[in-house]
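Features reported for this protein in TrEMBL:
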{"type": "BINDING", "residues": "B:T48, B:I205", "note": "pyruvate binding site"}
{"type": "ACT_SITE", "residues": "B:Y136", "note": "active site, proton donor/acceptor"}
{"type": "ACT_SITE", "residues": "B:K164", "note": "active site, schiff-base intermediate with substrate"}
4 protein chains.
Amino acid sequence: MSALPGGIIPALLTPVDSRGDILRDHLVSLLEYTLDCGVSGFYVGGSTGECFLMSVSQRKEVLSIASETVSGRVPLIAHIGAQNVDDSFYLAEEAHALGYSAISAVTPYYYGFSFQEVFSYYQELCQISQLPMVMYFIPALTGRTFTSQEIARLAAIPGLEGIKFTDGDLFKLERLRGQLPDFVIYSGYDELLLPSLSLGVNGAIGSTYNVTAPLVIALWESFREGDLARAGHLQRELNTIIEMLVGNNLYPTLKDLLARRGLGGGLCRRPFLPLTASQKEESARIDTHITRVISSLG
Amino acid sequence: MSALPGGIIPALLTPVDSRGDILRDHLVSLLEYTLDCGVSGFYVGGSTGECFLMSVSQRKEVLSIASETVSGRVPLIAHIGAQNVDDSFYLAEEAHALGYSAISAVTPYYYGFSFQEVFSYYQELCQISQLPMVMYFIPALTGRTFTSQEIARLAAIPGLEGIKFTDGDLFKLERLRGQLPDFVIYSGYDELLLPSLSLGVNGAIGSTYNVTAPLVIALWESFREGDLARAGHLQRELNTIIEMLVGNNLYPTLKDLLARRGLGGGLCRRPFLPLTASQKEESARIDTHITRVISSLG
Amino acid sequence: MSALPGGIIPALLTPVDSRGDILRDHLVSLLEYTLDCGVSGFYVGGSTGECFLMSVSQRKEVLSIASETVSGRVPLIAHIGAQNVDDSFYLAEEAHALGYSAISAVTPYYYGFSFQEVFSYYQELCQISQLPMVMYFIPALTGRTFTSQEIARLAAIPGLEGIKFTDGDLFKLERLRGQLPDFVIYSGYDELLLPSLSLGVNGAIGSTYNVTAPLVIALWESFREGDLARAGHLQRELNTIIEMLVGNNLYPTLKDLLARRGLGGGLCRRPFLPLTASQKEESARIDTHITRVISSLG
Amino acid sequence: MSALPGGIIPALLTPVDSRGDILRDHLVSLLEYTLDCGVSGFYVGGSTGECFLMSVSQRKEVLSIASETVSGRVPLIAHIGAQNVDDSFYLAEEAHALGYSAISAVTPYYYGFSFQEVFSYYQELCQISQLPMVMYFIPALTGRTFTSQEIARLAAIPGLEGIKFTDGDLFKLERLRGQLPDFVIYSGYDELLLPSLSLGVNGAIGSTYNVTAPLVIALWESFREGDLARAGHLQRELNTIIEMLVGNNLYPTLKDLLARRGLGGGLCRRPFLPLTASQKEESARIDTHITRVISSLG
């Protein structure tokens, strides 16, 4: 049985100011808010956290703030993947020192690494770290996919205990689930949570959960209780929200929504741009919509 | 409420001899066998039926044999799509004359038709036919996809009452389900039946159901009864079979499996080739495997 | 040395009336016009000729009109590829009887045929026909590509003497040219004629040559004379025209342009739609533009 | 008239030891060797130089070694693109201080930035730097393409004077060439040099030029002299070499080839792995082959 957490796990946003510096207070507010909503853990410093747009010291700062704030209330997963492997190794050590429950690393991207190179990368990370590893599989952004057989070979690396499966290929998800009953699989596309649950995922890590936690937790619980009609209804509500968010520049809008809730929110690091005036107006509409949906949950 | 059938609907295979001529007796055997298994209807003369590799008179012959054999025991959907629209119109009339419950047409392929051209194509077919139309959406083979908004516009054509949704994009499937509660959606990828059921599809049309009907009907019923654990188990069994089939040249293997059950089976039309000796051996193993899985259903 | 023609070869358009029937007089006018321009041959009944949207008897009619009209003045290549292989065999025989110099067949599409199935398809066609075969390679429309090694294996089939290479992958084109010095390679993307010439193609088959023959022949000759600056200038002019055409529904616009030149032109078969009023206006602008470019050739 | 260099420009490799530290002497040897071959400049610290796998201080070290070694003998282009824009700004300043002739930055990758975000990124870089900018366009690795119209809009940013066009879409290349006669276009796919020259590129930047400089310079000169037959022959030789290299893990093999010529060579940074024994054997064969080809140049 893996020590990795199940349930709904936000991929934590990282609020920054206009210079790109981390806004500690805003980050703390976001953590407290989502903890209050009942999330089961946090995925800290991932894509959604803009890790690739930051310096290593900023990434360490984010890991540190999250671990201090959460202070053991829920398990934390530290994303430590970096193009420069020295950074990955450094952040893996920091995550351990900071009391994280697990580490995670995106599959190496940009260069077309061979499977053997990817395998060695994870093997080395798992060897140096005492924490369980969650591989982060997101072929739409890395440009690199793996077959279910290849993922199964990676899953055999001691310490590689789970996957954040951010892919729309649910046949592949089912094959993994079938082959690897003890492997921890996180659904990574928020819009596919219900069908992924029907295939037996252990949890879900997503960016939109920063602002939709009550809704998605209700979805999760409806599924657990066997109320598929309600789960389907809630997935529908979530997907309508996701369509609105994606149509309005996702990450800056998510932060704008946090600001509207009094949680600070902040900006994104460049090259992301702040919302335009019309995007701000749309964000206000999205905020009203989400509030209405969440308050109707009962 | 649409008159289109729900439930498990095999995409009917068409047995032919080595000259490519239709083997009426084998086709009748296949129909009777799957009817005995309890299927809810048949999708006749589609891709799986090798319609595009046949003459129009052969296509009409297939439609005729199926309607005579089934003789009203279950509803029949006639695939009448053709690159030559004159053929589509002709087959649509034949389907009506033969007592079919519905017609279906693949979205026009090869040429990159504009949405307006596709829209006009369906509009014209729906105008000339009194039967409800099921659009056949299979972007992996046609090379042409449509957004959920575009499909919704097509769904507004009077008479266009359903879609055979043969695509892995379950976000799109969910969006369609949400926007069009009365539209009939058939799951078209057999390996995604369970997640598609979780999103509210009305039925499933698939090629592997020619040889796995008892298994897939049990899956369908488990889902209906709320037994998701069993449904998940059965989807796993089905997907293992699908992997074996796809790895061995799908259509010729399906027919070889029918032959092994005493149903004739026959060959496929060229350019499909008969199974090689080693593919025949693998087919024997698949047959044994499927038989074991089905007999364990209890 | 292959008997296949080199030089500029229009992929012949097929004028039809509003019922989809072939307009013999318009087709004859088009043939005479492009012959006067100095083309080196015709590719008859291909994609551009809307072959896949026609009945077999219409395809035969087109082959017949072209051969009667051209009457040996230039070589003719008959495209005889069809999804129904019986139609391919029939048309191959007709092409031979009508005095065609060569046949051509698109690689089988829609179904995902294995390489062996594609190989057998060409092998059988080459066995039954005494005419040399030009394989028609257009992966963007067929959804099926082949490596240069696979194409070389096909090129070893006795009688398969050339390829219509309609692909943007010029590395693959170069590899073919290097491996198969005696294989006849036709450039199939009109917008890539000059770079394809730099890699040693033997000829070019294209749809826009129906209306740009004087321009493209001048390009060809400039290249032959070593005047790369002029060849580059003419490719630029051609590509600007291609951008205009592709932006306005290619085939219907090409026919409208023929009509504006007094050549009849006609319509396209459904699902193609006639030009809208605004597309007609744009077509008038394109006509003026092409006329100006061609008259400036000197 | 832009100050950007034309001609053959190696995308400089970065030799490192087994810990990933830069091997200054090996880098100097490589620079001197290729200078002796007659290259027209260097592209320093790009993808080929494994910049994304290094720390910022290592990237600065590479820029520094190259500028000290070359010392004005040829122009140098510094690739300063980084996911963290602070690093880009820092390296842009360093490049200026080190006497580079130009900077270059890959289009932002991984995240799906909007065109406006990409535009602002380049605009800001061009504003802070006095050096001309070469945008680095390599959609196969960044997963992000731009239309020729979008590139033209970027080319209108003051200071953005050129593009490293690493894409196989030569229609797009031609459109850019036609629209932007004063824009400096570098061919980025070594295997497409000749067709790109036929379309009027100003130079070529490539990784294989580290080991094939005499061959590719001869190709370039043959083209300049109008000897297309020889240019075609040399492109063929180059492409055969490229096929061998790409089939054997490109970057580690290039370094192994340098070692075989007594230039040190070194390793690649992780996740790249050292060559296996069989890859070493193949590298020896490639070395023999290249030596033979180059010595036959006369």
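Cβ atoms are placed via backbone N, Cα and C, with glycine included.
Because the structure is a prediction, the values reported are computed rather than measured.
Structural mapping of features recorded in TrEMBL.
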residue : record                                               : DSSP (3 states)
B:T48   : pyruvate binding site                                : coil
B:Y136  : active site, proton donor/acceptor                   : strand
B:K164  : active site, schiff-base intermediate with substrate : strand
B:I205  : pyruvate binding site                                : strand
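Those recorded positions from B:T48, B:Y136, B:K164, B:I205 lying by chain A, with Cβ under 8 Å from one of its Cβ atoms: none. Of all Cβ atoms in the shown protein chains, 29 besides its own fall within 10 Å of the Cβ of B:I205 (pyruvate binding site). In the structure as shown, the Cβ atom of B:Y136 (active site, proton donor/acceptor) sits within 10 Å of 26 other Cβ atoms.
Neighbours of B:T48 (pyruvate binding site), defined as other CB atoms within 10 A of its CB across all chains, total 23. It is 10 Å from the Cα atom of B:I205 (pyruvate binding site) to that of the residue listed as 'active site, proton donor/acceptor'. If you take the C-beta of the residue listed as 'active site, schiff-base intermediate with substrate' and look for same-chain residues 6 or more apart in sequence within under 8 angstroms, you find B:Y43, B:S104, B:V134, B:M135, B:Y136, B:F137, B:I138, B:Y186, B:G188, B:I205.
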